[in-house]
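Down below is the structure, laid out as structure tokens.
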Amino acid sequence: MADMDIGIIGMAVMGSNLALNMADHGFKVAAYNRTASLTKEVMEKTPHKNLQGFYDLAEFLHSLKSPRRVMLMIKAGKPVDSVIDELIPQLDKGDIIIDGGNSFFEDTIRRYKYLQEKGINYFGVGISGGEKGARFGPSIMPGGNKDEYKHVQPILEAISAHVGEEPCCTYIGDNGAGHYVKMVHNGIEYADMQLIAETYLLLRHVGGFDNKKLSQIFHDWNKGELHSYLIGITADIFAENDENGQPGQLVDKILDSAGQKGTGRWTSIQSLKQGVDISMITAACNTRVLSNLLEERKKAASEITAPVYDDKVGEDFIEEVRKSLYAAKIIAYAQGFSLYNSASEKYGWHLDFGKIASIFRAGCIIQAEFLNKITEAYKKNKNLTNLMFDEFFLNNINENQSSLRNIICLAIRKGIPIPAFSSALQYIDAHRSPQIGANLIQAQRDYFGAHTYARIDKDGVFHHKWQEHYN
Ligand code: NAP
């Protein structure tokens, strides 16, 4: 009997947890996985009255109510194309494929058009929150045809995280908009994490604080305006003892080399294509890349002399760092949301920036108190070109920029790498400074390539016959 509300293909970590989440919310879920043993394992380990495993794709599809909703929770890339091609001959016009994986948004745009031509609706859905989010409520970013959204909305909203009664799920925009918003969300997450890592270096190597004190500092910060998931888990991390029963905390035993799965890099590449400065996200990607060069770093540490700077700082340094972290966080989000702004125009998505910030408030890694301020900023002015110019954020930057300058100077004197903090200040100064050297660059371009220049005192485009003294 075709009475299942939705079918999920892919029973790995994300798919199985989403299936259980849906089942908990009263939806009848059909589960299928390419390798049957995984479906069997899920059915045995986590049986649920609303979850049924299938071991044959045709039977799985026949079990679904019309229009059939088939959600793919599989490895992004080629597997998504091959499963779609396998599904097409077995689906009817009006059926719906939902890709809940981390697909690249341009692939989603391509697949959306491809399936539209065949009369099949396609939703590219960004899902954030990892395993726990999938099981108990992620932040969900659906993109696709607005008129057809009603067919997936009840399920997606029900299973998403909630802030009070509000679901952390909203229709984002046409075709690839959902996956785009998820991609940049991950980029912002990179910058957020990098800033916290730099904060740690400052407090530890300039402040001289031990892990116990660091845990207390982050714990205190988490009670104030920096309240967020990442600050909270960082407080826990500093308090965690070594797993092998050795003295000290686990964080000190972890190799200083970070991994990445690529969504931060995608965001950076995309920003260059769109011509938007997201230097903090790029700095975060570069730092992870550099962290992997363990041998080269060892060689540099032994061959490049470290600066000598041993001035002591007092307890007030903690507050300087806190203020700097907040100001730099504003810039990270200003950069990320500028990218959204440009994409909204470029792809005609009409993104609702305030709403996007609001669905990040729970379920995902970047959930934070701070996001309410972004929603408020766009409520006051939906045409805000850059978050820096919202009154609240502007006041904060003005109040805290001297702290930001101080901590950066201290880090430079001490030789501590803080690329994200530095990029934040560079971004502020490049915006604020009346001159950023572009006049000289235009002169050079005109000199060697007749690329022309504009003048400050009259309209038009000019080329100058430069006196060539060089050589
Ligand atoms: P995954 O490790 O990314 O992928 C494994 C799943 O993909 C298995 O079900 C596997 O089936 C299936 N698969 C791989 N190649 C296939 C093919 N050619 N045809 C059919 N199925 C194929 O699983 P995951 O970690 O649960 O993630 C699922 C999706 O969610 C991914 O796009 C991931 O990037 C995204 N995501 C993950 C997280 C997270 O925290 N893990 C968070 C957000 C989003 P077999 O068992 O048959 O190999």
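Just so you know, glycine gets a Cβ as well, placed from its N, Cα and C.
Annotated NADP(+)-binding residues in TrEMBL are GLY10, MET11, ALA12, VAL13, MET14, GLY15, ASN33, ARG34, THR35, ILE74, LYS75, ALA76, and among ASN50, ASN102, ASN121 the one listed with them is ASN102. Listed in sequence order, the residues of the same chain lying 6 or more apart from HIS451 (substrate binding site) and placing their CB within less than 8 Å of its CB are GLN442, ARG445.
For GLU189 (active site, proton donor), the count of additional Cβ atoms within 10 Å of its Cβ stands at 23 [all protein chains shown]. Pairwise Cα distances among ASN102, SER128, GLY129, GLY130, HIS185, ASN186, TYR190, LYS261, ARG288, ARG445, HIS451, which the record gives as the binders of substrate, peak at 49 Å. Taken residue by residue with DSSP, LYS182 (active site, proton acceptor) is part of a helix. MET14 are the recorded positions among MET14, LYS182, TYR190 whose C-beta comes within less than 6 Å of an atom of ligand 1, given in sequence order. Per-residue pLDDT, averaged along the domain '6-phosphogluconate dehydrogenase C-terminal' (178-467), amounts to 97 for this model.
Residues GLY10, MET11, ALA12, VAL13, MET14, GLY15, ASN33, ARG34, THR35, ILE74, LYS75, ALA76, ASN102, recorded as contacting NADP(+), have a largest CA-CA distance of 21 Å.
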